[in-house]
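Below is one structure, written out as structure tokens; the observations come after it.
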4 protein chains.
Amino acid sequence: MWEEINMIKIYTLGGYEEVGKNMTAVEYNGEVVIVDMGIRLDRVLIHEDVEFQKMSSKDLRKLGAIPDDRPIRNKKVVAIALSHGHLDHIGAVGKLAPHYPDVPIYGTPYTIRLAKSEIKGEEYFEVTNPLYETNYGEIVQVSENLAIEFVQITHSIPQSSIVVIHTPEGAVVYACDYKFDNNHPYGERPDYKRLKELGKEGVKVLIAESTRVAEETKTPSEAVAKMLLEDFFLYEGMEADGLIATTFASHIARLQELIEIANKMGRQAIFIGRSLAKYTGIAKQLGLIKMKGSRVLRSPNAVSKVLKEVSQARENYLLIVTGHQGEPGAILTRMANGELYDIGPRDTVVFSAGVIPNPLNVAQRYALETKLRMKGVRMIKNLHVSGHASKEDHRYLIRMLNPEYIVPAHGEFRMLTHYAELAEEEGYMIGKEVFISRNGHVVEIPGSLEG
Amino acid sequence: MWEEINMIKIYTLGGYEEVGKNMTAVEYNGEVVIVDMGIRLDRVLIHEDVEFQKMSSKDLRKLGAIPDDRPIRNKKVVAIALSHGHLDHIGAVGKLAPHYPDVPIYGTPYTIRLAKSEIKGEEYFEVTNPLYETNYGEIVQVSENLAIEFVQITHSIPQSSIVVIHTPEGAVVYACDYKFDNNHPYGERPDYKRLKELGKEGVKVLIAESTRVAEETKTPSEAVAKMLLEDFFLYEGMEADGLIATTFASHIARLQELIEIANKMGRQAIFIGRSLAKYTGIAKQLGLIKMKGSRVLRSPNAVSKVLKEVSQARENYLLIVTGHQGEPGAILTRMANGELYDIGPRDTVVFSAGVIPNPLNVAQRYALETKLRMKGVRMIKNLHVSGHASKEDHRYLIRMLNPEYIVPAHGEFRMLTHYAELAEEEGYMIGKEVFISRNGHVVEIPGSLEG
Amino acid sequence: MWEEINMIKIYTLGGYEEVGKNMTAVEYNGEVVIVDMGIRLDRVLIHEDVEFQKMSSKDLRKLGAIPDDRPIRNKKVVAIALSHGHLDHIGAVGKLAPHYPDVPIYGTPYTIRLAKSEIKGEEYFEVTNPLYETNYGEIVQVSENLAIEFVQITHSIPQSSIVVIHTPEGAVVYACDYKFDNNHPYGERPDYKRLKELGKEGVKVLIAESTRVAEETKTPSEAVAKMLLEDFFLYEGMEADGLIATTFASHIARLQELIEIANKMGRQAIFIGRSLAKYTGIAKQLGLIKMKGSRVLRSPNAVSKVLKEVSQARENYLLIVTGHQGEPGAILTRMANGELYDIGPRDTVVFSAGVIPNPLNVAQRYALETKLRMKGVRMIKNLHVSGHASKEDHRYLIRMLNPEYIVPAHGEFRMLTHYAELAEEEGYMIGKEVFISRNGHVVEIPGSLEG
Amino acid sequence: MWEEINMIKIYTLGGYEEVGKNMTAVEYNGEVVIVDMGIRLDRVLIHEDVEFQKMSSKDLRKLGAIPDDRPIRNKKVVAIALSHGHLDHIGAVGKLAPHYPDVPIYGTPYTIRLAKSEIKGEEYFEVTNPLYETNYGEIVQVSENLAIEFVQITHSIPQSSIVVIHTPEGAVVYACDYKFDNNHPYGERPDYKRLKELGKEGVKVLIAESTRVAEETKTPSEAVAKMLLEDFFLYEGMEADGLIATTFASHIARLQELIEIANKMGRQAIFIGRSLAKYTGIAKQLGLIKMKGSRVLRSPNAVSKVLKEVSQARENYLLIVTGHQGEPGAILTRMANGELYDIGPRDTVVFSAGVIPNPLNVAQRYALETKLRMKGVRMIKNLHVSGHASKEDHRYLIRMLNPEYIVPAHGEFRMLTHYAELAEEEGYMIGKEVFISRNGHVVEIPGSLEG
């Protein structure tokens, strides 16, 4: 009886069968905190003529593009926490938050501003939830029993967090999308101190990403990516003519590195592409990026005019463009199609990004590279490091937090099982203390008998 | 001097850097025989809005979609030989034959009729070349010095041939797209006798496909594919509800097997999809397929009407449809998109085809399978065998023909080098007797000094 | 209370983290039936100087070479059932059966005779358990509540079975190592009728192998392997000089095919290698193989004498030898090392076996092939089909048996999860009705409340 | 006529069909310079009971373990140049230099001292060739027409060089085993200035390694490896108990990094393993490593005594041991076998090395890891960067040198063809200007007509 009341239920709503559309809900004594509301872009991509922003949550759910939140629809939701600003974590806010009308949404400032941008673009629903920018370290009491906290962590977007839901039974720690970067070039650091404290206070459940747990190493620091870029640009690159870099628009640290490199090279960094403008714009508001020496092109006119100038004096510029995955409509994709700029043998394209291993993506990137190669463009790939923890980082997190139970998340079944094997190495018993769940299932964590 | 006159030049125009757009030309004493004029579909696929049939050869060449025949444009071409009817061997006939206005085109009857169909569809050029149906064994004298011959061989389309160009210096044997099938269910057989004779008469050059030479085995007979299909359909399949098979439209033997299976099951085989209608239609004219018990749907009205009936009584039919690679617009692709037929959990789709390992193709097939899986459709894959020779078949061909020189063809560089390694095992010296060429290069085979 | 008594416990002792050392125990109301006692050879291989037959079960357990049966050591074991004669299913009988001194061992005749051979070789323990040859269809009552039954199935060794443990709560069906072969050349057939009956009677738990469940097809019949062999030997092989085939010594059907092929070729089949002598010897006793026209060499003297004759007239023989995986000491391995026979360019080695994908094995096979290649030996690989069910076979079994619960077995974690995904497609809920277990864990199946 | 005299012949003796046993000879006007004499270890490994040092060159040649130098045995060899000290470049000096008695051997000091060590160990031959330590920049006239030069380059061993053979027809540049490291932690730098000068002076032939040319990136600096190590050791490692690192014994920079890390951690670095003692010993003589704070164990007694101490106070030491590939007899391998040290759950093993992708090696490493995992040892893999140039480094070298002809080397056929494709991108014609050769072949470079 007591046990039932004290039970913690983990609703694994999305991201437990894929990398994408992350959504998890934590219930304690009838109250629910939702963490993340993401989209799964590849499920949109396989269908033609999908206009995401105009579609209902029901239709998108059927496509598998957003999480199916029906298991918690009628629950008493007291808060929505957003861990960080990537679309697979916040991209469905405009579609799903309206299901919980007055429930407040919390996140770090950069995350919240990106969520607002998503909500602004939403065309099907009206979103009325209040949004609150929360700082690392604040503990926000969201009900009598529950509080949430954002612990500083490093990832490939600024102000990422490990989300903690404090319950009377102990903390539920949601660590999806993080790495332990001890040498981040702009000073971001994992808050090991707080993580160790949490471990001492008592962690009931750890919900951890499993995306790269099969890599039996420690994920390299962003400082390594910076060095890879400098190693090319500041040496051989000094002799190059046209230089074009492409990376994730939300990866502000990477963009900062590119600006600094351009400055060192005596070139002007020019950002082209809508999402680059969006993410750098918000980052600038918050003082997260120094744009000095660079320029952001917003209007099609500006793009067309400036690129004409660039093509006359390529050696003066470092173009930073969208399209690293060959996305249709992105700047690099359009260049490869012969639009905007006469890209050719005088240009070098630096991919500061890996290839996302989804067949549709692989095909788009293949088409992009094929076209660039046919035009004689030089390409340099993989000047990049991942933002996701590897096996040995995960082990360290487990050792710091010493959780009673573990729920692997953020991955396909195969990835979740790899995480479970790590947990087993650390002494957890599969099926008793570490639970592999599926989208739509509930993991029930027994509470203390004393209540 | 004599040597120059007697020299044989092999123009490796297409298919030497890819699997696709095959075209080779053989010159002796100023006269040229062209073998095959194929297209490379994936180069069309990566560009949007390409209307193949309305485009010029120049534009298609720039896309890399058809061979660049400029090295032989001003040569005295005396004949065009087509080895078999696949599009990567005949698909550019409408675009390139017009460059050689009165030059006759030869091939086996099925090949020639398919080439005529290509020419009929051509919208940019007018094609005036005469086409001749040639039988296995005929030796066609195409100039004083040169004759061509089509030797019977087995492949995944009827009436495939190994093409022989007889020159005063010995035979040039073009063996692109073949397998040695000793148990073909409909009696097709490799003409080992003639191949061995050619070996004794003296083969100067062997031009051989390298597509599957890395497989260190012997390619299974089509009888194996037949058994794989029967093993499912005639046992477990007898208990199934809706049954849909998909395979290569030009694979007449496979289609014949499916008709026979449907007959044995007491179901009606229904062919749906334009290319199925085309290939079976021509095959029927030539008596290459027995359609008894089956039906071919041609008009959109018929398709829509019949599929409505089928969905009411699935257990009475075996649908045979296009779309095994997820091609846009193909019947299975449309079904997966929710068109034409309410495909769902009651249906089983049998893929009697592998996945062609090109990223664009992999993505289309992935999208197809994802959609079918989301609809609850059961899928059975790979009830299929390849039509291409494996390493040990190639070894046998070399031993039978005992050529002086070898030019690997029909593959990426990597595949050509695998073939060269086989040739080396058989005693040929790379760079001296076996030549790895590139599109647009010429391999010069020294002639006899006696002249 | 009632529930506890009626609960079925599945002890997943071995084979739930690997392909190897299979052992499962089923407990009902305090009584236990053990199914299989296998070894894991690669755990022996990574250690030098391991003398398996002289070692204690404790030491072997520590190496991970045999299952850890401690969870059931003090239970009331009423029977040991052996599903079939492969070493990963019976190889630890000599080590573990002694832990259960008078407990009878059941299996089909071929299985039991192979188990006896294992016991005979055992040097550390004395094994006193009675062994009973049981026929398909017999239901053996092993206690008041429990009975066992061996259902005929096809695999790559004769007289394989699906083992059924009948309990008052319904049947527990153990289907580890099977395929559905509808065209087996020697008439073995899956007993679909009995499987469907069991489905109707009520199957409580299905324990199914997951080794090849990731292959989204139906496993080909042994008739396909036969055709692959005939396609080479009876055509191109007729022109060959020395011919050497190698396959699994326990694969009696395959060996029978080779004998028939030799007879058709007018060659004498000669079996060389200890394990070939063992398995064919027992098969012959039971009338499972017709050795007519063949010869089995047993003594080293005979081997050396006969191989000398063979090397003088290679065209008269088909050697069938051990060593398809490059095992140290096997005949083919020794030949490759320059012993026994002057293997060279006149010889063709046919591998009628795949490469077992364990790194140690891959290395041994690589060393074998490298040596053979350096001697100029021709090799033809993969004239083989698997003995394990693929995904669509597994689906069919689930549909026939309609079990309440499923426990995937016989594979690494990753394979078990693939099976679980199949079960999910068939409507089972992971964690509720399909359980992924680990070596040493117990799966508890709730019993009926009525008791 | 003139052409013949001026022709340069490149004898591609070893390393053109494998990564291993590198040997190339350059002939001009009857005089020959040999570059490198390496061994192929995996060809030794597949045979048991091979005692390398006691065997003749003939027997080793037959095993494929050393190059077959017969094509140049009777030539007038004027010099032997060694590019760097790895065994696949100098390991056969003891076996092959005796074929050219009195011919002087040149190399950088570290290379020559390692060659001397090889010669000292040689037990079959007596080696009488004089050895000369040569500095970067020196041009050594080795005959009237020919001179050799060692250009500074970076790789994974100190004092690596690009070897230049100056001929009257221009330079032959041998760039096998190099990377462009612009941030090497100990100041080693590629001599770009000299390379560009050579390009201007006129490079006739470039012989370049192709080992990693398929990687479409720039190889990371050794500074990245240093950062990967520091990122683990100086953060999480500070909380660890036993720490064991393993890397290539010849990788002096990596070892220096580990010493510095140990010093920063307040631990003593202890080197254990014969090859570590050898390589660090010679490096120390030449001032290439600062061993301060570290200790090298040489005698078995010392090893056993010290490891006993270490196991009592693990937190005080950083063990640096041999065995990163699981080599039999290496220290880590022995520890995994339960010898020398009670390695277990308190220890972390850091692999600062990748897995060399040869099946035998993969198997040894697999066995090592399996044993360590069974003992509960934590492993962190791949804290490592490669020492080999990637595609974009190779492109840069081609652009700097602007050679007339290119001969890809140091790789399997497949790798050589990848290099040829790069050369084709840079405007070279395969078969005319870039030549894929095989072991034992000769590439003939036409000389100038003017002579």
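From the backbone N, Cα and C atoms, a Cβ is placed for every residue, glycine too.
Zn(2+) 1 binds A:His84, A:His86, A:Asp177 as Swiss-Prot records it, and from the list A:His99, A:His155, A:His166, A:His184 the residue named for this site is A:His155. Site annotation (Swiss-Prot): Zn(2+) 2 is bound by A:Asp88, A:His89, A:Asp177, and the candidate from A:His384, A:His394, A:His410 recorded at this site is A:His410. Secondary structure at A:Asp88 (Zn(2+) 2 binding site), as computed by DSSP, is helix. Sequence-distant contacts (6 or more apart, same chain, Cβ under 8 Å) of A:His384 (substrate binding site) comprise A:Ala225, A:Leu228, A:Thr247, A:Phe351, A:Ser352, A:Ala353, A:Gly354. A C-beta separation below 8 Å, combined with a sequence spacing of at least six in one chain, links A:Ser386 (substrate binding site) to A:Ser156, A:Lys179, A:Arg212, A:Thr219, A:Pro220, A:Gly354.
Here the CA atom of A:Asp177 (Zn(2+) 1 binding site) lies 6 Å from the CA atom of A:His388 (substrate binding site). The secondary structure of A:His410 (Zn(2+) 2 binding site), as reduced to three states from DSSP, is coil rather than helix or strand.
The Cβ of A:Asp177 (Zn(2+) 1 binding site) lies under 8 Å from the Cβ of A:Ser83, A:His84, A:His86, A:His89, A:His155, A:Ser160, A:Glu209, A:Gly387, A:His388, A:His410, each of these being in the same chain and 6 or more residues away along the sequence. Comparing A:Val385 (substrate binding site) with A:Asp88 (Zn(2+) 2 binding site), their Cα atoms are 19 Å apart once rounded. In this structure, A:His388 (substrate binding site) belongs to neither helix nor strand by DSSP; it is coil. Secondary structure at A:His155 (Zn(2+) 1 binding site), taken from DSSP and collapsed to helix, strand or coil, is coil.
Long-range neighbours of A:Asp88 (Zn(2+) 2 binding site) (same chain, six or more residues apart, CB within less than 8 Å of its CB): A:Gly15, A:Val19, A:Gly20, A:Lys21, A:Asn22, A:Gly38, A:Ile39, A:Arg40, A:Leu41. Within 8 Å of the centroid defined by the CB atoms of A:His384, A:Val385, A:Ser386, A:Gly387, A:His388, the record's substrate site, lie the Cβ atoms of A:Ser156, A:Lys179, A:Thr219, A:Pro220, A:Ala225, A:Gly354, excluding the listed residues themselves. Over all protein chains present, the Cβ of A:His388 (substrate binding site) has 23 other Cβ atoms lying within 10 Å. Same-chain residues that are not part of A:Asp88, A:His89, A:Asp177, A:His410 yet have a Cβ within 8 Å of the Cβ center of the Zn(2+) 2 site turn out to be A:Gly15, A:Val19, A:Gly20, A:Asn22, A:Asp36, A:Gly38, A:Ser83, A:His84, A:His86, A:Cys176, A:Glu209.
Of the chain residues outside the Zn(2+) 1 site list A:His84, A:His86, A:His155, A:Asp177, A:Ser83, A:Gly85, A:His89, A:Ser156, A:Ile157, A:Ser160, A:Cys176, A:Tyr178, A:Gly387 have their Cβ within 8 Å of the site's Cβ mean position.
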